[in-house]
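K.L.:
Per TrEMBL, the feature active site, proton acceptor maps to HIS65. TrEMBL lists ASP66, VAL69, GLY71, ASP73, SER75, GLU86 with the feature Ca(2+) 1 binding site. Under the heading substrate binding site, TrEMBL lists PRO159. Per TrEMBL, Ca(2+) 2 binding site is recorded for THR190, ASP244, ASP252. Look at TrEMBL and you will find CYS34-CYS112, CYS67-CYS72, CYS118-CYS322, CYS196-CYS231 tagged as disulfide bond. The domain 'Plant heme peroxidase family profile' annotation in TrEMBL covers 24-326. Taken from TrEMBL, the feature signal peptide covers 1-23.
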Amino acid sequence: MACRVATMVAVLLAAVAATCAQAQLHDKFYSESCPSVEDVVRKEMVRALSLAPSLAGPLLRMHFHDCFVRGCDGSVLLDSANKTAEKDAQPNQTLRGFGFVERVKAAVEKACPDTVSCADILALIARDAVWLSKGPFWTVPLGRRDGSVSISNETDALPPPTSNFTVLTQLFAAVNLDAKDLVVLSAGHTIGTSHCFSFSDRLYNFTGMENPSDIDPTLEPQYMMRLKSKCASLNDNTTLVEMDPGSFKTFDTDYFKLVSKRRGLFHSDGALLTDPFTRAYVQRHATGAFKDEFFADFAASMIKMGNANPLTGSQGEIRKKCSVVNH
């Protein structure tokens, strides 16, 4: 009985701690210490996306990958001399934009030294990546601090593009995200590109036979042939394919139209049609008639994801450079 009570108390304390940490995040966190932080970040974002609009998708993805491992603590940005950090793990090998994040951090440091965390900068970058791609704008709660630990093996917490619905919901639940968050945040695939190897098993090796006829039967045939014309084999490690063909630089509801027609690029996209709730959400927004509703949902889910186990208060640190811990 005593053990049970102790366990219940521990669980309650953990829940209270998580709630308190989230409560410490708020949009006015830097109103006195660094009131210009959002303007500084946005200036850099406008400059970068005017030159390379395709960078928006990777920057959004980087925030996602940060939050799913150890919470939103900037750990995905850390370098490791022996290549054992999160960014060295296979799921993060295709992340782009690390150098740009460092440039933004340098600009913020110039304006407000030792004040704004890399984790917060990444959250602002992700928001502006969406907004500058004609997506929704939302107020980002701030006050995260940077972690000092980054371990490649912990990227197992990231939802792989090969996941079925059960695996997806389990991995999302681990960071307090539900089925609605899953289908809403999956629509981040409306911007950006992917390497062939992230989905080519659907074209050539769906059951492990490794031949041109071993295809995923849930993939729409004409779309499958189009993908095969771009990704010639399982060994293609360089070709990039638009995740939302025709509007991959614009944040819109076209993703849902594609998924509803069985033209979602990844297993995880197609998996949204295997659950009644997420399938209904996809079909509703595939009509394109509820853009404002979807935009509001996406903003809410991004804020919720951004609240995933943040370090706050005296926890962690404010890194001077995002790729290395302070000494």
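Backbone N, Cα and C atoms are what each Cβ position is placed from, and that goes for glycine too.
Describe each of these features in terms of where it is and what it packs against.
P.N.:
Counting only same-chain residues six or more apart in sequence, the Cβ atoms lying under 8 angstroms from the Cβ of HIS65 (active site, proton acceptor) belong to VAL76, GLU86, PRO91, ASN92, LEU95, THR155, LEU158.
In sequence order, SER75, VAL76, GLU86, GLU154, THR155, ALA157, LEU158 constitute the residues six or more apart from VAL69 (Ca(2+) 1 binding site) in its chain with CB-CB distances below 8 Å.
Packing around CYS34 (disulfide bond) is summarised by its Cβ count: 18 other Cβ atoms lie within 10 angstroms of its Cβ, all protein chains included.
Sequence-distant contacts of CYS72 (disulfide bond), defined as residues of its own chain at least six apart whose C-beta falls under 8 angstroms from its C-beta, comprise HIS63, ASP66, ALA119, LEU122, ALA123, ARG144, MET305, GLY306, ASN307, ALA308, ASN309, PRO310.
Within the same chain, residues at least six positions away from CYS118 (disulfide bond) with a Cβ under 8 Å of its Cβ are GLY74, LEU77, VAL101, LYS105, ASP146, ARG319, CYS322.
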K.L.:
Starting from the Ca(2+) 1 site formed by ASP66, VAL69, GLY71, ASP73, SER75, GLU86, give every other residue of that chain whose CB sits within 8 Å of the mean position of their CB atoms, in sequence order.
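P.N.:
So the additional residues around the site are HIS65, CYS67, PHE68, ARG70, CYS72, GLY74, VAL76, GLY147, SER150.
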K.L.:
Out of CYS67, CYS112, CYS196, CYS322, which of the disulfide-bonded residues has the smallest number of neighbouring Cβ atoms within 10 Å?
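P.N.:
Across CYS67, CYS112, CYS196, CYS322, these disulfide-bonded residues, the one with fewest Cβ atoms within 10 Å is CYS112.
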K.L.:
Looking only at ASP66, ASP73, GLU86, ASP244, ASP252, the binding-site residues on record, which one has the least crowded Cβ, with the fewest other Cβ atoms within 10 Å?
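P.N.:
Comparing Cβ neighbours within 10 Å for the binding-site residues ASP66, ASP73, GLU86, ASP244, ASP252, ASP252 has the fewest.
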K.L.:
Enumerate the residues of the same chain, THR190, ASP244, ASP252 excluded, that satisfy the criterion Cβ within 8 A of the mean position of the Cβ atoms of the recorded Ca(2+) 2 site; list them in sequence order.
P.N.:
ALA187, HIS189, ILE191, SER247, PHE248, THR250, PHE251, THR253, ASP254, TYR255
K.L.:
At a 10 A cut-off on CB-CB distances, which of the binding-site residues GLY71, PRO159 has the highest count?
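P.N.:
The residue with the densest Cβ neighbourhood is PRO159.
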K.L.:
Cα distance, CYS196 (disulfide bond) to GLY71 (Ca(2+) 1 binding site), nearest Å?
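P.N.:
Taking the Cα atoms only, GLY71 (Ca(2+) 1 binding site) lies 29 Å from CYS196 (disulfide bond).
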